[in-house]
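After the structure tokens below, expect a handful of questions from me.
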Amino acid sequence: MLTVSVYRYNPETDQEPYMQDYQVDTKGKDVMVLDVLEMLKAQDSSLVYRRSCREGVCGSDGMNIAGKNGLACITPLSEVVKNNKLVIRPLPGLPVIRDLVIDMSQFYAQYEKIKPYLINDTPAPAIERLQSPEERAKLDGLYECILCACCSTACPSFWWNPDKFIGPSGLLQAYRFLADSRDTATEQRLAELDDPFSVFRCHGIMNCVQVCPKGLNPTRAIGHIRNMLLRSAA
Amino acid sequence: MVTSVTSFGRSGLSDWLLQRITATIMTAYLIFIVAYFGFNDVDYASWKALNAGLPMKMFSLLTVLSIAIHSWIGMWGVLTDYVTVRLMGAKATALRMVFQLGVIAVSLLYVVWAIDVLWGI
Ligand code: SF4
Ligand code: SF4
Ligand code: FES
């Protein structure tokens with residue numbers, strides 16, 4: 001039997017959050033954390049969490065598993081169970097709506113700030129804007145982000161200033177558009193980022209890199225943005 | 001674009017750059033002093049002779065200025081992380097101003113004092 005300790009909070013009935021222990025029989029199989037949550041849900045239908053694709057593509061089930069942020073659907077028990085116990089909490093740093101569901105508004109507000117779409121003031125071509133294979137290769141390691149928020153909610157700078165610091169996820173996306181050969185708004189984008197908070201609150205702690213379930217490297221992207229700011233200022 | 005009145009420079013980039021430059025100056029000074037004491041038989045006369053020269057006075061002053069700027073930027077960063085309205089409520093802004101003015105006052109005092117000491121040699 002596996003003991004699963006889950007963070008519970010229902011603002012309508014609970015004064016404050018608490019941890020609830022469940023027992024589940026995984027029949028010795030190394031299933032994913034999300035499978036365990038489904039078993040818990042069968043025991044106790046009041047437990048609430050987000051999920052959709054169950055294969056690491058949608059980014060809905062980011063949560064704090066055994067102290068580390070990750071996607072429940074692609075995290076096997078063997079990686080996170082210690083002494084036959086599993087601890088699951090919501091992603092840290094953002095308000096909890098209920099149980100494992102957090103309010104991501106601040107995270108999305110930061111994403112919105114970086115204008116996550118191509119801006120191009122040249123006349124649109126008849127068919128599409130083409131890129132060379134080399135230009136396209138610059139987007140590798142950037143476009144794969146699924147906005148799961150595992151990185152930003154692991155970042156101390158984002159915890160303290162979620163309204164001012166864009167956070168690793170938003171900055172990875174900012175660089176994704178700065179690096180795109182089809183985008184002509186590079187200067188405006190850089191001007192928007194050159195204040196003491198948006199980019200420069202990153203202190204290179206690299207929690208973001210450690211947790212990204214897609215293996216992306218926001219710290220490197222932030223370094224590229226800093227270099228672009230340096231070059232445009234020089 | 002997030003605007004702030006109490007940061008040192010105008011932009012995040014200038015603060016970031018200054019933080020690196022001042023750190024380099026402080027490191028260079030530290031290495032120089034350690035090496036000077038390591039490779040020389042220092043007595044009062046030679047120590048005084050070294051510090052009486054204008055280049056050394058400039059280097060020392062530059063280092064003191066670096067410490068002032070570096071701590072201003074650094075403390076501003078720490079204070080705007082932890083002494084904020086988000087974490088402490090409305091009183092945070094006033095409290096942070098007091099701390100920031102304190103840091104600035106102490107830094108300026110050190111600079112003036114250092115000038116007095118250096119040019120008193
Ligand atoms: S490297 Fe920067 S963005 Fe990533 S966790 Fe650290 S402070 Fe946050
Ligand atoms: S960078 Fe990684 S951890 Fe951050 S939101 Fe994107 S996929 Fe999730
Ligand atoms: S359910 Fe879609 S990423 Fe886990």
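Each Cβ is built from the backbone N, Cα and C atoms, and glycine gets one as well.
Heads up, TrEMBL stuff is auto-annotated, nobody curated it.
Pulled these from TrEMBL:
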type	residues	note
BINDING	B:His70	heme binding site
BINDING	B:Tyr82	ubiquinone binding site
TRANSMEM	B:21-39	transmembrane segment
TRANSMEM	B:59-85	transmembrane segment
TRANSMEM	B:97-115	transmembrane segment
Highest Cβ count within 10 Å among the binding-site residues B:His70, B:Tyr82: which residue is it?
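Per the Cβ count, the most surrounded site is B:His70.
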Could you tell me what the rest of the chain brings near the transmembrane segment (B:59-85), counting residues at least six beyond its ends with Cβ under 8 Å?
4, 6-9, 15, 18-19, 21-23, 25-26, 29, 32, 51, 92-93, 95-96, 99-100, 103-104, 107-108, 110-111, 114-115, 118
Rounded to an integer, what is the Cα-Cα distance in Å between the residue listed as 'ubiquinone binding site' and B:His70 (heme binding site)?
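Each residue's Cα considered, the residue listed as 'ubiquinone binding site' and B:His70 (heme binding site) end up 19 Å apart.
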May I ask you to report the DSSP-based helix, strand or coil state of B:His70 (heme binding site)?
helix
